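Visitor: Pasting in a structure now, in structure tokens, and then I'll have a few things to ask.
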Amino acid sequence: MDTWNVNEMMKVYFIAGTQDTGAEALPSIVEAACRGGITCFQFREKGAGSLQTDKEKVEMALILKRICHHHNVPFFINDDVELALASEADGLHIGQEDEAASIVRSKIGPMLLGVSAYTLSEAGRAASDGADYIGVGPMFQTSSKADAKEAVGPERIRMMRQEGIHLPITAIGGITKAHLPSIQQAGADGVSIISAISRADSPEAEARALLHTWDQLTM
Ligand code: TZP
Ligand code: MG
């Protein structure tokens, strides 16, 4: 459980918090997504409807981590260094509005670190600050993030690759199965998804289909 292959974990990276699913449903949705073959999970507890107390967040994080590890899926925390340390997560993902990646890197020790990058310079800085991967987006319009920036499309990833960004890249924002070919062709290592999995009739079947489609494209 302690050594993860970052490139592999990029393929189908599922993100969710109780604001996306309701607190009751979240563990079973994460369990279903794990059965379907997600390659990473991030607990992103944020915005209207999210849990408010540290105690509730830690409790939920530990429940979700257990489910992930049962399926050999790495468990990440969004933004919250203290929660990541308290729950002994495998990794932390931070945005540009959070504390600088170089400082966070020194606080979390050997934990994996993901950083959101919208521009080429943000991607370059993430690399020099010691990020293990970057999340690039929003690719397409999304309703899962209140303060989402303007969609940039897969072209942004192609540009970053052309400009010498070699870090693993997960594409994020409004992504569905239909987008996978253009995202893979642009040079991404995988996709991060909230709604297409969490709101699917069957999160398990959707996760499985996403992974299958991604792997078929690679071949
Ligand atoms: N960061 C950029 S877009 C986004 C985040 C967290 C939301 C992605 O959710 P969805 O439902 O897959 O568009
Ligand atoms: Mg953030």
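Heads up, the Cβ atoms here are built off N, Cα and C, so glycines get one too.
Note that the structure is a prediction, hence the values are computed from the model and not measured.
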Visitor: Among Asn72, Asn78, which residue does TrEMBL name as a further 4-amino-2-methyl-5-(diphosphooxymethyl)pyrimidine binder in the site formed by Gln42, Phe43, Arg44, Glu45, Lys46, Ser116, Lys145?
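Guide: TrEMBL names Asn78 for this 4-amino-2-methyl-5-(diphosphooxymethyl)pyrimidine site.
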Visitor: Out of the binding-site residues I have (Gln42, Arg44, Glu45, Lys46), which ones have their Cβ sitting under 6 Å from ligand 2?
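Guide: Once distances to ligand 2 are taken from each Cβ, none falls under 6 Å.
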Visitor: Have a look at the binding-site residues (Gln42, Asn78) and report the one with the fewest Cβ neighbours inside 10 Å.
Guide: Asn78
Visitor: Comparing the binding-site residues Arg44, Lys46, Lys145, which residue's C-beta has the most other C-beta atoms within 10 angstroms in this structure?
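Guide: Highest number of other Cβ atoms within 10 Å: Arg44.
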Visitor: How big is the Cα-to-Cα gap, in Å, between Asp98 (Mg(2+) binding site) and Gln42 (4-amino-2-methyl-5-(diphosphooxymethyl)pyrimidine binding site)?
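Guide: Computed Cα spacing between Asp98 (Mg(2+) binding site) and Gln42 (4-amino-2-methyl-5-(diphosphooxymethyl)pyrimidine binding site) is 16 Å.
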